[in-house]
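**Student:** Pulled these from TrEMBL:
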type	residues	note
BINDING	Gly616, Pro617, Asn618, Met619, Ala620, Gly621, Lys622, Ser623	ATP binding site
DOMAIN	690-706	domain 'DNA mismatch repair proteins mutS family'
Amino acid sequence: MGLTPMMQQYLEIKESCKDCILFFRLGDFYEMFFEDAEKVSKELELVLTGKDCGLENRAPMCGIPYHAANSYISRLVNKGYKIAICEQLEDASASKGIVKRGIIKVVTPGTYTDSSFLEDNKNNYIMSLYVDSNKNLVALSFADISTGEFSCTDTQYDLSIILDEISKYNPKEILIQDNLDDKICEQIKERFNVSFTRLPDQMFTTDAEETLVSQFSNFDKGEYTDTLIKACNGLLSYVIDTQKIPLPHINEMEYYNIVDYLTIDSNSRRNLELTESLREKSKKGSLLWVMDKTNTAMGGRQLRKWIEQPLIDKKAIQKRLNSVEELLNNISAHEDLKDALKEIYDIERLVGKISSKSVNAKELISLKNSIEKIPAVKNILSSFKSNLLNNMYSNLDELKDIYEILDEAILDNPSISVKEGNLIKEGYNKEIDELKTAKAHGKEWIASLESNEKDVTGIKSLKVGYNKVFGYYIEVTKTNLNLIPEGRYIRKQTLANAERFITPELKEMEDKILGAEEKLVNLEYEIFIQVREKIEAQVDRMQVTAKIIAELDCLSSLSTIALENNYIKPEITNSEELFIEEGRHPVVEKMIPSGNFVANDTHINTSNEQLLLITGPNMAGKSTFMRQVALIVLMAQIGSFVPAKKAVIAVCDKIFTRIGASDDLAAGKSTFMVEMWEVSNILKNATNKSLILLDEVGRGTSTYDGLSIAWSVIEYISGNSKLKCKTLFATHYHELTKLEGILEGVKNYSVSVKEIGSDIVFLRKIVRGGADQSYGIEVAKLAGLPEEVINRAKHILERIEKENGSDINIEDISNLREVAVDKVESNEKENSTEVVVEESIKESAINTSVKSSNVSKNTLEVDVSMQMNFADIEKQNLVKEIASIDVLNMTPMDGFNKLYDIIKKAKSL
Ligand code: ADP
Ligand code: MG
């Protein structure tokens with residue numbers, strides 16, 4: 001027994017794409033065989049069947065209908081698989097023997113372009129990484145095939161820089177050299193959910209320069225390093241290899257220098273929740289969530305890039321700020337602008353589709369409708385004077401010629417399929433019009449035939465109909481058959497209670513109509529392709545327009561948030577001072593009831609106020625304050641107004657944060673190791689223009705170790721002239737407050753707390769001076785720890801404080817236990833939490849309209865809601881979790897697991 005010819009063909013093709021799942025087209029299905037079938041049937045929960053393949057055992061097989069393939073492909077790609085699409089390359093009926101088949105496209109996570117499954121506001125990047133270990137250089141290049149963006153950079157080899165760049169772009173797939181050190185991949189994999197594709201070295205090196213010259217209109221030979229050229233070539237070759245068609249929209253290579261942008265290392269990006277929240281990994285709760293008020297998909301993607309890449313050039317920042325201000329001062333023009341932007345579709349991705357020849361007529365109409373709005377945009381821009389808006393005005397190509405082509409050629413409401421006719425407008429092509437007339441004339445003739453035959457035969461119920469098998473026919477019911485004159489009709493088909501007939505004239509007209517129809521469909525398709533090609537030739541112009549619209553939309557968004565959230569224009573300087581008056585955390589202020597956020601001032605520089613040491617109990621607001629400072633700086637450097645009353649921002653070169661890394665536990669590292677790794681990275685890379693946030697450094701180890709490390713880190717930063725940078729240091733080690741006065745530039749601050757009886761209320765106000773107490777036990781009480789435990793802790797604490805550093809006598813403390821339990825009962829009445837809460841509710845009810853800066857009364861109101869006990873928070877989290885379940889995108893198995901998970905959580909509450 002041998003393999004069937006078809007199976008031989010299958011295996012030959014499969015041999016050429018071993019790392020892919022092969023979608024093998026058989027009639028109306030894509031079939032998968034062998035391991036592919038087993039894998040896919042599991043992943044997508046498809047039925048696994050078998051097919052005779054000529055061998056003893058049937059080949060495992062599963063299949064999907066071709067018209068539903070897109071959603072299956074998207075699910076597989078999301079899981080990191082690559083799919084090779086193999087089509088029949090000739091008409092099955094025309095071929096002798098086995099139909100010719102071949103791979104027409106390979107879909108991979110990084111080259112996926114189906115816009116119905118891609119997120120509008122997010123690019124889908126593929127990246128290549130090329131390391132030249134002899135020269136100690138590394139080059140990175142990134143592309144989004146759906147939009148045509150292609151950018152690249154190179155630098156001295158440094159893993160942390162590679163990680164930072166990856167975190168900026170979040171690529172779905174990374175191309176690497178075959179022989180690249182596994183360790184690098186592991187490090188990347190540990191942090192990012194990305195698939196790797198190893199390419200043979202020649203994919204990077206062969207004809208590198210020639211490939212780039214022929215693809216990019218702006219590629220200058222001799223201007224780039226060899227390493228960079230190889231990285232770009234690898235990426236481009238892979239893209240061409242998988243798409244298998246030319247991609248004219250990838251026509252510009254954008255080189256950028258990493259140091260031209262604010263450096264934010266990958267941990268800080270996560271910690272500061274720039275584009276997604278730490279816990280839920282959702283846009284909600286991130287800076288992007290607050291800042292994104294864009295009206296176009298292009299603008300949404302661009303804004304994300306702006307947030308990922310804040311500027312460091314004072315002039316460039318000021319230009320953006322001035323334009324935001326101008327929009328803000330012209331509210332009505334800005335409203336008109338927003339209205340126009342809302343009507344503009346994703347020109348970038350439409351252009352990508354035109355380039356890859358997958359665009360349909362409906363999408364060309366979307367393009368036309370978008371272009372239609374551009375003159376209005378240009379008109380609004382004409383009244384603006386700020387540099388950026390004015391340049392946009394000058395450079396905005398209204399694409400009138402493209403509009404005209406589309407308007408003349410394509411029907412306003414064309415078919416989705418380009419192979420069913422109904423695409424081209426009357427008057428665009430003479431032959432099409434003639435065919436349409438012929439078709440219409442034929443139909444009229446047939447319509448008149450019906451009334452004619454009714455008259456002749458006297459049969460009122462006679463009708464003319466059409467079906468695909470028999471074409472046009474005359475139908476007469478059985479009861480009327482006797483009325484038909486002898487020999488008038490030819491019998492064609494018998495139904496239960498009617499007969500169908502034809503006449504030679506009817507068949508002749510039918511041939512004419514059907515002939516015209518077929519010709520029409522073909523000709524309309526042909527003309528459609530011509531129109532598409534005409535437009536394709538203008539791809540670069542449309543891209544320039546799209547880019548301007550995207551950036552304009554970003555400026556508009558910045559202006560919108562400034563207005564809505566009451567932001568102010570920061571003053572940007574190249575000095576050493578950072579001064580923020582009544583600053584707010586842009587995200588937290590939106591997450592809590594409006595007006596409840598307590599604003600705080602910040603004054604920090606590189607000399608006498610260089611390191612702010614912030615103490616205060618847990619939950620007081622230390623971390624929030626520190627992040628707020630970093631986010632305000634970051635927003636300012638994006639060119640955005642900021643949440644403050646006044647802000648003077650010295651441009652920073654880098655922002656570093658070391659903030660609780662609980663989520664790194666999942667990556668298998670001990671928190672303390674991660675903490676120290678991050679701190680050492682900061683100490684090595686910060687400069688005196690950087691901003692550093694250190695939150696509870698040393699917490700991950702024993703008290704004395706931690707304290708000593710924190711202490712020496714502070715000494716190192718403030719004593720090192722190269723490093724002497726603006727630093728915010730939050731700590732619960734009160735001992736460190738002694739450093740003020742000893743180390744130059746160290747200043748103590750604390751978050752104020754009000755004691756009410758034995759309870760505390762957080763005032764959220766940052767004040768000068770160290771905190772005198774840690775209030776750990778009070779916080780524990782707020783968290784709902786049993787009264788007995790709380791009281792016991794108090795007694796232990798009292799005792800330890802009495803011993804004051806001398807050796808603690810554990811036995812003594814143990815003996816105190818009984819006394820403590822006794823005391824609980826007598827204390828219970830006096831120390832009731834409820835009393836305090838009730839009081840503060842009363843107080844806040846009287847003061848409903850207190851301003852946010854009015855601390856004393858207003859915060860009491862905040863705190864009632866804020867200080868709910870932890871079980872309530874857990875319950876709320878569970879509700880949130882349930883609300884966020886996306887059932888439609890889950891497999892039944894995932895759904896079941898989730899349900900199980902939720903029930904478990906609910907039971908534990
Ligand atoms: P810490 O770091 O001191 O433990 P956090 O900064 O995590 O405290 O703050 C705890 C909570 O207090 C935050 O989740 C936030 O809801 C609230 N909070 C913090 N700062 C403020 C503020 N300035 N105004 C209002 N609420 C605040
Ligand atoms: Mg904290």
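For all residues, glycine too, the Cβ spot is worked out from N, Cα and C.
Where the annotation comes from TrEMBL, it is an automatic prediction and has not been curated.
I'd like these features described in context: how deep, what's nearby, how far apart.
**Tutor:** Taking the Cβ of Ser623 (ATP binding site) as centre and 10 Å as the limit, one finds 21 other Cβ atoms among all the protein chains shown.
Look at the domain 'DNA mismatch repair proteins mutS family' (690-706): DSSP puts its residues at 4 helix, 5 strand, 8 coil.
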**Student:** Note the mean pLDDT of the domain 'DNA mismatch repair proteins mutS family' (690-706), expressed as a whole number.
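**Tutor:** Result for the domain 'DNA mismatch repair proteins mutS family' (690-706): average pLDDT 82.
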**Student:** Using an 8 Å cut-off from the Cβ centroid of Gly616, Pro617, Asn618, Met619, Ala620, Gly621, Lys622, Ser623, can you name the remaining same-chain residues around the ATP site, in sequence order?
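**Tutor:** In sequence order, the nearby non-listed residues are Ala730, Val751, Phe762.
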**Student:** Quick one, of the binding-site residues Gly616, Pro617, Gly621, which Cβ has the fewest other Cβ within 10 Å?
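**Tutor:** Taking Gly616, Pro617, Gly621 as the binding-site residues, the minimal 10 Å Cβ count falls on Pro617.
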**Student:** Please list, in sequence order, those binding-site residues from Gly616, Pro617, Met619, Ala620, Gly621, Ser623 with the Cβ less than 6 Å from ligand 2.
**Tutor:** Ser623
**Student:** Just to confirm: which same-chain residues, 6+ apart in sequence, have a Cβ under 8 Å from the Cβ of Met619 (ATP binding site)?
**Tutor:** Phe762, Val779, Leu782
**Student:** Of these binding-site residues, Asn618, Ala620, Lys622, which scores lowest on Cβ atoms within 10 Å?
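**Tutor:** Candidates: the binding-site residues Asn618, Ala620, Lys622. Fewest Cβ atoms within 10 Å: Asn618.
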